[in-house]
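Student: Below you will find the structure I want to go over with you.
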Ligand SMILES: *Cc1c(COP(=O)(O)O)cnc(C)c1O
């Protein structure tokens, strides 16, 4: 029987296995049992485990320099920032270490833009119910879920929640102190809820008309997860700020804030910082990851596999009555089930060596590596059919 070490604080409900090795779409536990990993480290290992190009780039950098602080220019930051801006609508990048830290930076930048550039007293950011933006004191109150906020009063001021995909609620969007809107285009942790295109278009129109910044949290949807490098491309919108983390370093911790010039000018030397942000190792992981994703065959290949997996899943949905619905975008997929989603997750792991996730009590969440092969997809589909057939 596995025992959690008492010296580690119990902030997680952990499954009773330890992962000791990973390669591609597979991981191995302490007993040498091999699992198909359709969690991809909760959407971080988008190129699978230890992608060769990222591993060799990191190994090379390991023998040169790990850290030097932001007192000096770091060419690795310039390289990754150039790659990110060349492949997006943005002009400038700030680097940090996690999704919450990227969203903190976005909140600070939006407020500072309102106060220093627009010269107003605006500070409020509208976010949405069922959203997830992180666990720091600002981002947990940006998050529209009470369970995340339980026991952490007093509330960090400056956030107001509206229901997601609700046209009527948009009437309340703009108030005197509002400076920005922050949202996920597919709510990940909150149940895999994609934004409705018509609702989003209406939201964007209101933001533009009232000079509110649009912050898109692409911590989970970014880095190819939904089938394009960024999800905003598919929705054909032009946010002012996008935040990234999870997939950016292929599992190496790194976060980023991308902004257009208009907004980025609000940060000046001394206004924001992060000791580890943009260190040479993290930047190397990010550059090697982006290099692979921007090769000409990457997204065409990915689109074919995404289409294949969705077609197979749609068949599964029709076949089994305990499946209530299928939603998401690309490889961020939610399967709504009858009964507790976590029961399926346990059975998949224990009886079929398949790792999957939940998003709320009723939804199974799949986050396959973007590099998963057609053969692995077949293996997954056969397994999920066996589980639903039991
Ligand atoms: C995971 C996640 C975060 C938080 O990222 P951390 O790296 O855990 O701080 C923020 N927003 C979204 C949409 C996420 O999925």
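Glycine is no exception: its Cβ is also placed from the backbone N, Cα and C atoms.
Note that the coordinates shown come from a computational prediction; the quantities given were computed from them, not determined experimentally.
Summarising the annotation, TrEMBL assigns pyridoxal 5'-phosphate binding site to 99, 100, 132, 217, 218, 219, 220, 275. Here TrEMBL flags 135, 274 as N(2)-acetyl-L-ornithine binding site. Annotation comment: TrEMBL describes 246 as N6-(pyridoxal phosphate)lysine.
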Student: Give me the long-range Cβ neighbours of residue 275 (pyridoxal 5'-phosphate binding site): same chain, 6+ apart, Cβ under 8 Å, in sequence order.
Tutor: 69, 70
Student: For the pyridoxal 5'-phosphate binding site, please report the maximum Cα-Cα distance among 99, 100, 132, 217, 218, 219, 220, 275 in Å.
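Tutor: Value for the max Cα separation, rounded to a whole number: 25 Å.
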Student: So for residue 100 (pyridoxal 5'-phosphate binding site), how many other CB atoms are inside 10 Å of its CB?
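Tutor: Excluding its own Cβ, the number within 10 Å is 23.
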Student: Near residue 220 (pyridoxal 5'-phosphate binding site), how many other Cβ atoms are within 10 Å of its Cβ?
Tutor: 27
Student: Enumerate in sequence order the binding-site residues 218, 274, 275 whose Cβ-atom distance to ligand 1 is under 6 angstroms.
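Tutor: Close enough to ligand 1 is none of the binding-site residues.
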Student: Within 10 Å of residue 219 (pyridoxal 5'-phosphate binding site) (Cα to Cα), which of the recorded positions 135, 246, 274 do you find?
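Tutor: Among 135, 246, 274, the ones whose Cα sits within 10 Å of that of residue 219 (pyridoxal 5'-phosphate binding site) are 246.
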Student: What recorded positions in the list 135, 246, 274 lie within 10 angstroms of residue 217 (pyridoxal 5'-phosphate binding site), counting C-alpha atoms?
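Tutor: Checking each Cα against residue 217 (pyridoxal 5'-phosphate binding site), there are no hits.
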Student: Reduced to three states, what secondary structure does DSSP give residue 100 (pyridoxal 5'-phosphate binding site)?
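Tutor: SS state of residue 100 (pyridoxal 5'-phosphate binding site) = helix.
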Student: Return the residues near residue 218 (pyridoxal 5'-phosphate binding site) by Cβ distance under 8 Å, restricted to its own chain and a separation of at least 6 in sequence.
Tutor: 184, 185, 230, 231, 232, 242, 243, 244
Student: What's the number of neighbouring CB atoms sitting within 10 A of the CB on residue 219 (pyridoxal 5'-phosphate binding site)?
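Tutor: Residue 219 (pyridoxal 5'-phosphate binding site): 29 neighbouring Cβ atoms within 10 Å.
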Student: Spatially speaking, which of the recorded positions 135, 246, 274 is closest to residue 99 (pyridoxal 5'-phosphate binding site)? Use C-alpha to C-alpha, please.
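Tutor: Answer for the nearest of the recorded positions: 246.
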Student: Which whole-number value in Å describes the distance between the Cα atoms of the residue listed as 'N6-(pyridoxal phosphate)lysine' and residue 220 (pyridoxal 5'-phosphate binding site)?
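Tutor: Distance between the two Cα atoms comes out at 6 Å.
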Student: Can you give me the Cα-Cα distance between residue 100 (pyridoxal 5'-phosphate binding site) and residue 135 (N(2)-acetyl-L-ornithine binding site) in Å, rounded to a whole number?
Tutor: 6
Student: Using a 10 Å radius around its CB, how many other CB atoms surround residue 217 (pyridoxal 5'-phosphate binding site)?
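Tutor: Neighbour count, Cβ to Cβ under the 10 Å cut-off: 31.
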